[in-house]
Amino acid sequence: MSTSTQITKPYSTRALTHQSQTARRLLKLMSDKRTNLCASLDVTTSAELLSLADKLGPYICMVKTHVDIISDFTYDETVVKLVALAKKHGFMIFEDRKFADIGNTVKNQYSKGVYRIVEWADITNAHSVPGEGIINGLREAANEYVESEKAKGGECENLDRGLIMLAELSSKGSLATGSYTTKTVELAHNNSDFVFGFIAQNRMEEVQDSEGNYEDWLILTPGVGLDDKGDGLGQQYRTVDTVIKNGSDVIIVGRGLFGKGRDPVVEGKRYRDAGWKAYEERIN
């Protein structure tokens, strides 16, 4: 188990002190709703996405999307309706975009084009390969969006945006290990106003700030399964108990919730309960 100073703290306690507004919002939601389950909805039609989000909504803290695989995507029929479901059920939206280009390019990818991700995704993620410029570009887009919305004088609730860095992946043979992971943590440390966590298999080594306090990184872990070991395409599954005990804060589950022969409501409850039980055992 990780020796992290954060690992035994309740989500509600961490929500009071976290350096990121987006992370504070997520931690409070998780505590209030008693769930650390993120539903990874890798489906290819808007109808599938919205149906699953509605069925799983009561049991999750977050929906993870790959919006660019939606074959019939339109902003009004896909995004607007997904955001409405997020409000209905009380979950956040994480667009798993995995940005990986220079700062100016990712700024435009995040804010413009067909998807306009910054307008609706509370959270997105990025590779650290391009260096710090990728974080700066995404942060600029987020800040410009927030300022433009405030200038309109409309609803300003939940405008904050947060970034997660890809520190480790769950696929077999992943190159995101060792020095890559270490450098990714360094980048996050230098940009903790915007970066609040990692996609990782284990808890990241913590860094003390100038006042001697340890930074609090949220760890989101994919490749979690209660039944399967893998998928034949390199995905490797680990148990809920294992990832939570190793310091993960959010378990990301996809096909385990809605794969062939699975009832999303039944599986949503099962994974929610398993994740919460493992978390309570960790903090007690």
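Every residue, even glycine, has its Cβ placed from backbone N, Cα and C.
Features of the protein shown, as given by Swiss-Prot:
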- D42, 64-66, 96-105, Y237, R255: substrate binding site (BINDING)
- K98: active site, proton donor (ACT_SITE)
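Structure coloured by features recorded in Swiss-Prot.
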{"residue": "D42", "record": "substrate binding site", "Cβ within 10 Å": "14"}
{"residue": "T65", "record": "substrate binding site", "Cβ within 10 Å": "28"}
{"residue": "D96", "record": "substrate binding site", "Cβ within 10 Å": "22"}
{"residue": "K98", "record": "substrate binding site", "Cβ within 10 Å": "13"}
{"residue": "A100", "record": "substrate binding site", "Cβ within 10 Å": "15"}
{"residue": "I102", "record": "substrate binding site", "Cβ within 10 Å": "12"}
{"residue": "N104", "record": "substrate binding site", "Cβ within 10 Å": "12"}
{"residue": "Y237", "record": "substrate binding site", "Cβ within 10 Å": "20"}
Structural state of I102 (substrate binding site), classified by DSSP into three states: coil
